[in-house]
Structure formats: C-alpha cells, structure tokens
Amino acid sequence: MLSKFRGSQLRLLARRFQPGVGIQEADPAISLRTRARPGRLGRSFVGRRCFSGEGKPPKGFEQFYKNNKSKPKESQTAESSKSEAPKETPKETPKESKEAESGHQSQSKDSSKGGKGSEKDPKMPSGGPADSQRQIVVFSLAAGLLAMYYASQGSSSENEITIQEMLRDYLLKGHVERLQIVNKSFCRVHLRPDAPTGENEPRRPGPKTMTIQLGSPDTFEAKLEQAQNDLGIAPMEHVPIQYIDESDLMSEILPHIPTLLFLIPLLFAARFMANGMGPGTPGVGGPGGRNIFSIGKAFPAGQKDLKSKVKFADVAGLDQAKAEVVEFVDFLRSPTKYEQLGARVPKGGLLVGPPGTGKTLLAKAVAGEADCPFFSMSGSDFIEMFVGVGPSRVRDLFQQARANSPSIIFIDEIDAVGRRRGKGGFSGGNDERENTLNQMLVEMDGFVSGTGVVVLAGTNRVDILDPALTRPGRFDRQIAIDKPDLAEREKIFMVHLKPVTLHKQLSAEEVAKRMASLTPGFAGADIANICNEAAIFAARRTAESVEMQDFERATERVLGGLPKQNSLMSPAEKRTVALHESGHAVAGWFLEHADPLLKVSIVPRSSGALGFAQYLPAEMSLFSKEAILDKIAVALGGRAAEELFVKKISTGASDDLDKVTKMAYSMVAVYGMNSELGLLSYGQNNASEQFYKPYSEETGRKIDEQTRSIVDEQYKRVKELLQEQSDKLQQLADRLAEKETLVYHDLVEVLGERPFSIKEELNKFVTAGGNPFTHDMGSPNDGENDKGDTDGQESKEEESASQAQSTGTEAKAPQAQA
C-alpha cells in the first residue's frame with residue numbers, strides 16, 4: 001500500500017516538473033528524498049512546486065539541473081522565490097542567499113565550460129587585486145613566523161634552569177625522576193608528579209619538566225654523579241640518564257626564520273624589478289612597464305595599435321609635405337599600381353625643417369590616417385646606460401615592423417643617434433651612439449633589409465646627420481617642411497582659433513587674415529602659442545570673449561616678454577629712449593627699402609629691451625644691395641639720434657651695432673657686394689672649421705676695412721636724414737614720451753603719409769578695419785631680414801617673424817644673422 005502511494009506521488013511529481021514549466025525532467029534526488037522521508041512527502045512537494053514554477057532549482061540541488069538559457073528568468077525567479085519562500089521554507093539570511101546565488105553562478109559557469117574548470121579572464125591585469133591579496137598573505141605569514149619564533153624563544157626560557165638550581169632545588173630534595181639529554185645540546189629534567197615547580201608554589205599533580213642548556217654532556221654527567229655521591233645516594237639509586245636524538249620540524253625551521261624574513265623582501269623586490277614599475281601599459285614590457293630583463297627590447301609608442309586623434313584635416317598648410325607623406329601611405333596600401341610601372345616603394349622619408357613647423361604633427365596625422373601598423377620612437381629612446389642596448393633596440397624595432405608589414409616606423413629627433421661619425425671626435429670606436437647608427441644603417445639597407453617597411457624620421461639638424469644615413473636607398477626623400485607662407489599662416493590661424501571664443505564683433509576670418517599678414521616667418525608652434533596666450537590674457541581680465549587687444553598683448557608676450565611694471569626710468573633716461581626709438585622710426589619712415597613701421601614703444605620689457613620700433617617685413621627671398629644698406633641705416637638711426645639730440649651716446653645701441661656688423665660683414669665676405677674683394681665668398685659654413693680662415697691676413701684686413709667703411713658711410717647718411725627731419729623727430733619723441741606707445745595712425749599724424757608706395761601687406765593690414773594693434777615687439781629679425789643667398793644655403797633661423805629695433809643695455813629680443 002505504501003509503495004503504491006509512493007509511486008503515485010512520484011508520478012504526480014514528474015508531471016509537475018514538466019518541460020516548459022521550469023524543470024525538464026524529474027529529479028532523482030527528490031525521489032530518493034521521498035523514499036527516505038515519506039511522512040513529509042506532501043510538504044516537501046509543495047515547497048518544490050513553489051520554487052520550480054519559475055524555473056529555479058531547489059537550494060542545494062543546483063548541480064542536478066540543466067542551466068536555463070534565458071538569464072532574465074533567473075532574476076525573476078530570485079524575486080519570486082524571495083516573496084514566496086517564507087510561506088513554505090525557513091527564512092534565509094541575506095548572507096546565505098548571496099552565497100547560494102554566487103554558488104549557482106559559479107556552477108553555471110563551470111558547467112558551460114564543459115567541465116574544463118575555471119579559466120583566468122584574459123582582460124584581468126596580472127598586477128590586480130589577486131597580486132595584492134597574495135602579497136598580504138605572504139607578509140601575514142612572515143609576521144606569523146616571526147611571532148612564532150619569538151614566542152618559542154620566550155617559552156623555552158621560562159622553564160630553563162641552571163645546573164646549580166637543579167642540584168639545589170630539585171635533586172637535593174628528591175624531586176627529580178629522570179633526565180634526558182636531547183641531541184647532546186640540552187637536558188630535559190623530568191620531575192616527580194608531586195614536585196612543586198618553585199620553592200613557594202604548592203605541589204600540583206601532573207608531569208613537570210625543566211630544561212638545562214648543556215655545554216658538554218660529559219661534564220654535566222660528571223658533576224651530577226659527584227653531587228649524588230656527596231649526598232650519599234647509592235650508585236644503583238642514581239637518577240637515570242637517557243640520551244635521545246629528536247628531529248622536531250619546528251626546531252629545524254625556527255633557526256632559519258630570521259634568514260627567511262630577510263630574504264622575503266628581497267624576493268619581492270626582485271619580482272617587482274622583473275615585472276617593471278608602475279601599472280602595465282600597452283606597448284611597454286611586462287605588466288609593470290620596462291624591466292631589467294627586457295632592456296634590449298624596443299617599445300614603440302602604441303606599437304601596431306597606435307591610433308592618433310590627429311588627422312590630415314587638422315594639419316593646416318604644409319600642402320606639398322602632406323602630399324608626399326600621403327604618397328608613402330599609398331605605396332603601402334596599393335603597391336601594385338607602382339610596381340606595374342617599375343617603381344619601388346621608397347624605404348624612407350626624412351622630414352626636415354626648423355623647430356615648430358609641424359614635423360611631429362604630420363607624423364601623428366600619418367598615424368591617424370594610415371590603415372597599416374605605425375611604430376613610433378624617439379631617437380633618445382635607443383640610448384641607455386648599458387652598452388649594446390641601442391643596437392639591440394634597433395634590431396627589435398625593425399623585427400616588430402617586419403612581422404607586421406606593411407608598416408611605418410617614425411623616429412623623432414633622429415639626430416640623437418644619426419650624427420656624423422668619426423672625424424676626429426673624442427669618442428672611441430666602441431661608442432654606443434655609433435654602434436646604434438651602424439645597426440640602423442644595416443636594418444634600413446643591408447643584406448637582411450626587407451620590403452614592406454617605410455621609415456619616416458624628423459629632424460631640424462639635417463646638416464649634422466651622417467651622409468650614409470641620408471643617402472637614397474635609406475632615406476630616399478627629404479621632405480622639406482619650411483615655415484608657412486601668408487596663405488598657410490592664415491589656415492593655421494583658422495585651426496587654432498576654433499576653440500577660442502572671439503568677441504561678437506570679430507570674425508575668425510578677419511583675425512586670421514590680419515594676424516597672418518603680421519607674422520611672416522612664424523612657425524605653427526608660434527601661432528598656436530599666440531592664440532593660447534591671447535585666451536589666457538582674456539581670462540586674466542575675466543572677460544567673456546577674446547578681443548584684439550588680447551592678441552596684441554599675446555604677441556608682445558611671446559616675443560618680448562611682459563611689460564616690467566616695477567621698472568621706473570628717470571625723466572632723462574625716458575627722454576633718451578624716446579629719442580632713440582624716434583630715430584629708428586624716422587629713418588624707417590623716409591627710407592625707400594625699409595620695412596613699413598607699425599608701432600613704436602618705450603615700455604620696458606622683461607626680455608631686457610627698454611623700447612622697440614616694430615615693422616612689417618615683406619616676405620622676400622632675395623634682398624638687393626640697396627635694401628641691405630637701408631636696413632643698416634635704420635639700425636643706426638637710434639645711435640645717430642642720441643648723438644644729435646642728446647649730445648651723448650649710451651649703451652642702448654648695443655643690439656643695433658651687433659646686427660649692423662653682421663649685415664655689413666655678410667655684404668663684404670659672403671654676398672660679394674664689395675668691389676675691392678670681388679665676387680668671392682669667405683663664409684664659414686661648417687661649424688667644425690671655426691678655427692680655420694679660408695683667406696690670408698691681408699684679405700682679412702681688407703674685409704675689416706670695407707666693413708667699417710660701409711657702416712661709417714651709412715651712419716653719416718642717416719645722420720643727415722635725421723637732421724633734415726629734426727622737427728618731426730622732436731615731435732615724435734615728445735608724443736612718445738607722453739603716451740609711451742604709438743601705433744600706425746599716430747605715426748601718420750606726426751610724420752605724414754609715407755613718401756613711398758604702400759606695400760600690399762601693409763595695405764591689407766591698414767584696410768582690415770579698426771586701430772591696428774601692430775603686434776610684434778621684439779621679433780626675430782629686428783629689421784635684418786636681409787639675406788639674399790640664391791643657393792639657399794643660409795639658415796631659415798635668420799628670417800624673422802617681424803622687425804623691431806630694440807633699445808637697452810642688453811637687448812635680448814630675437815634677431816637675425818645676415
């Protein structure tokens with residue numbers, strides 16, 4: 001009867017747990033439980049019906065059920081089980097429920113893996129919480145060992161007595177039962193059960209032991225035998241002595257604990273160095289950066305997954321350079337159309353240009369646009385304190401690039417490792433830099449050099465690079481990135497004005513056009529700095545937008561420094577500076593080939609200049625002899641005004657005289673503009689030959705004489721001009737002393753219209769509207785943008801962004817060298 005009842009209940013239970021209801025088949029565990037506990041069958045069934053209705057298996061039986069495929073039902077099951085469980089089952093604590101859920105999730109994950117067990121998450125960094133917990137466990141274990149060591153030392157010392165104490169307190173009173181000499185190092189004294197442990201302590205039952213440290217067991221045994229004989233104890237009744245050898249694990253470990261405690265920090269330090277320092281970053285070795293074991297590996301920035309945010313659209317100007325760089329990328333993307341015509345992929349391109357022109361920015365744009373892997377390193381990254389690291393990193397870099405070919409390698413500031421070799425240098429044959437360069441030469445064009453890797457490099461010192469590095473076959477192209485022209489500067493200003501909040505009466509096009517006309521010779525970095533400084537000045541005066549005056553102050557800040565608020569000049573000094581700057585202004589206003597004057601100021605600057613006269617230079621590559629002579633005369637106008645109207649000369653013309661000397665010397669010794677020396681050039685183009693003069697002493701004397709003659713002639717000429725215009729010069733000096741700064745319209749009011757045709761750049765600036773904020777105060781050329789070398793050998797650093805005649809004992813404004 002009972003079996004029939006059980007069978008019917010089991011069939012009913014199987015029907016309850018049908019597929020679609022929550023459980024796909026009857027659970028054998030439930031049938032076993034039913035047979036074992038028939039009295040609670042109905043109650044047990046009702047509880048399981050409540051849980052299984054939503055598809056969640058009973059607690060403790062999760063491993064017997066198949067996982068549900070729909071995860072949203074699990075959350076619903078949890079909610080329903082929480083609401084219904086108190087009716088039929090005991091209430092679970094939150095902790096137990098969380099453990100059950102976590103156990104169910106872990107079992108589900110294990111079952112989904114097909115019994116393979118848990119696997120480590122590849123996204124989990126190796127230096128994460130697991131390592132921290134491991135370190136905590138190790139240090140806790142070390143602290144426990146240390147505590148155990150000291151505890152064992154303390155416990156052993158509590159029961160330790162001397163031989164005399166044992167003889168006097170225990171042996172004499174008959175409390176010693178037996179002695180054990182352990183490992184011939186100490187003696188264990190076993191007392192009788194009724195013996196006290198001390199003189200004043202009561203007798204307590206139980207085994208008691210004392211310890212005696214032994215120096216020599218034979219000596220101890222002899223003393224013990226003599227003491228017993230003296231007490232009159234018969235030899236047969238002497239305390240028995242037993243020799244034993246014990247090998248306790250703790251006794252073996254405890255002596256080594258101090259050594260382990262000393263070695264554990266060293267092991268952690270070694271592991272820390274092996275993994276590197278700091279959190280792991282892509283492209284840097286190990287979970288913690290570069291380590292001592294990967295010192296010879298190359299770690300290019302970003303490696304093949306480098307994705308720059310800079311695009312070609314963000315690079316304003318540089319149209320020709322961008323076209324050539326894009327062609328390199330096109331070579332790698334579709335080399336077939338070039339190979340069909342017999343062309344080969346260029347192996348390298350050298351980005352050459354002055355600082356701040358956008359070489360690295362162009363490389364970032366290549367990284368942002370290229371679909372192929374891009375590897376970037378700096379020239380200084382190859383050199384370390386260890387010998388052989390540089391060549392090893394070069395090999396590793398090219399090996400990575402070839403493994404991911406087609407790819408691009410960019411080496412920034414390659415002159416750090418690509419300098420010219422040998423030639424009487426102080427370094428030996430094993431110089432690390434030369435070895436690095438040799439390895440780079442081999443990798444770029446050697447026996448093992450392959451295809452599919454293009455090398456781009458940037459430098460502003462192409463003149464010092466090794467010829468073997470710059471030859472075709474290694475760097476097939478030298479991509480010149482010069483300072484931007486007028487149109488390119490306007491585009492660059494438009495890019496850098498995008499984040500700037502301009503005044504509502506100003507437009508970005510208007511500001512860019514006016515600023516571009518005022519900044520010839522400025523590089524992209526200079527333009528970005530001016531826009532940033534303008535925004536800073538506007539924020540400093542708590543304005544809501546950037547105005548023209550902010551750009552004016554920004555350009556003066558970039559080139560000449562801030563006005564010196566605490567610099568107080570005496571009236572005599574102020575008058576001298578005003579006459580000096582007025583002399584420059586009048587000379588530049590009435591000389592035909594001089595650059596148009598825009599602004600005159602006698603406000604001292606932090607650069608050291610006490611005043612300046614600013615001009616708008618024309619963008620010219622060739623300068624005539626007459627133009628250079630006019631520039632010399634303008635530079636001498638300040639000294640001439642001091643001599644004529646102050647009746648004494650000062651040190652304020654030191655910077656002017658330096659520029660005049662260089663321009664006059666270049667006319668005589670470089671440009672062949674002197675009839676006495678003829679069409680010869682004695683310029684020293686190589687800095688290593690500075691102690692060698694390619695001319696005789698007689699020729700040197702003639703050069704000095706002709707240079708002095710040119711300067712004297714132009715000084716006489718400008719003095720005559722200033723005497724003719726003395727009234728206007730005095731009026732200009734008076735107004736300048738009063739207002740301290742005069743702009744273009746103020747100059748027109750005092751000096752009248754310029755007697756020569758207005759230049760196109762000046763016309764654009766004047767007709768742009770508003771009061772010209774004539775910007776540069778102490779610009780790089782200071783009126784000496786006068787080089788006319790048709791061979792293009794002169795440095796671009798000699799070209800100026802603007803021209804200013806500085807007055808001061810040490811005028812430190814940027815200047816050109818003619």
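Just so it is clear, glycine is given a Cβ too, placed from its N, Cα and C backbone atoms.
Given the structure is predicted, the values throughout are model-derived calculations rather than measurements.
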Annotated stretch (coiled coil, per TrEMBL) among the listed ranges 211-238, 547-574, 715-742: 715-742
Averaged pLDDT score, the domain 'AAA+ ATPase' (345-485): 83
Outside the coiled coil (715-742), six or more residues from its ends: residues with CB under 8 Å to it: 574-575, 578-579, 581-583, 585-587, 590-591, 599-603, 633-634, 636-637, 639-641, 643-645, 750-752
Counts of helix, strand and coil residues, the domain 'AAA+ ATPase' (345-485), according to DSSP: 53 helix, 29 strand, 59 coil
